[in-house]
Amino acid sequence: MVKCQVVMDALERIAPKRLAEDWDNPGLLVGALGQEVHKILVCLDVSDAVVEQAVACGADMIVAHHPLIFKGIRKLRTDLPLGRRLQQLLKHDIAVAAAHTNLDIAEGGVNDVLAQAIGLSKLSAFVIERQEADGSVISMGRVGSLPQPMTVQDFAAQVRDALPAEHVRLVDAGARPVRKVALCSGSGAEFIQRAAFLGADAYVTGDVKYHEAQQAVELGMHVIDAGHFGTEFPVVAVLRERLAEELAEAKGSVEVLADQSSQDFFQMI
């Protein structure tokens with residue numbers, strides 16, 4: 001057993017809150033820093049299924065990527081999804097914490113995990129948020145290289161096979177081979193122009209709309225939309241491992257599990 005504060009300290013070392021965007025809501029969202037934690041469930045979303053899984057496995061805490069609470073709560077209706085989940089969490093004394101854009105940006109976080117999964121190396125900053133006092137750069141997304149140039153069709157297949165995605169959507173901008181790749185996990189279509197400006201042959205992200213795809217074609221850059229879920233879920237297993245390693249050095253024992261049941265909401269028919 002460890003205190004919730006110990007878990008939050010470990011999470012801070014992995015994904016410091018100072019890295020988060022101003023509009024974000026990371027940190028401890030449900031529970032108390034002084035409560036005891038014996039078992040943690042790491043997940044992407046705090047869905048009804050994840051809450052049920054936490055209750056069933058006896059978890060005292062959920063660590064999620066997406067914050068359960070984003071904006072101020074004006075009503076706590078237990079007949080609506082958020083209120084229903086909060087009721088169950090409080091009933092079973094389950095704490096909830098989130099590491100969102102801070103985990104996206106952090107070294108070894110969501111974007112680094114995505115880059116490694118799809119075969120990129122020689123990573124560098126993509127969308128520079130700011131520069132730290134020590135000269136290090138805080139960046140959303142990454143730019144990297146493939147070992148060898150490949151066709152966009154082959155690269156799209158490689159991305160699909162590397163991620164928990166039954167399919168990817170390919171925006172084919174022509175015969176341009178793919179070597180330099182920019183990426184932003186989750187929803188990053190707003191950075192299409194930035195990726196093209198940096199000379200990326202292809203851009204990997206999720207949640208791309210029609211006119212954003214059109215913009216990419218006009219800029220002569222391929223886009224692979226691997227979905228919000230597909231580009232972010234791989235971090236769950238990595239975060240579980242890193243959190244377990246951090247907590248192994250704490251006084252007291254805690255079990256850390258990774259959600260294996262969640263799936264993309266979108267299906268191809």
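The count begins at 1 with the first shown residue.
Note that Cβ sites are derived from N, Cα and C of the backbone, with glycine treated the same way.
The annotation divalent metal cation binding site is assigned in TrEMBL to His65, His66, Asp104, His228, Glu232. A helical conformation is recorded for Asp104 (divalent metal cation binding site) in the three-state DSSP classification. Over all protein chains present, the Cβ of Asp104 (divalent metal cation binding site) has 27 other Cβ atoms lying within 10 Å.
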Which residues, sitting 6 or more apart from His65 (divalent metal cation binding site) on the same chain, put a CB under 8 Å from its CB?
-> Cys43, Leu44, Asp45, Ala98, Ala99, His100, Leu103, Val110, Glu232, Val235, Val236, Leu239
Give the sequence-ordered set of same-chain residues, not counting His65, His66, Asp104, His228, Glu232, with Cβ within 8 Å of the centre of the Cβ atoms defining the divalent metal cation site.
-> Leu44, His100, Leu103, Val110, Ser185, Gly186, Thr231, Val235
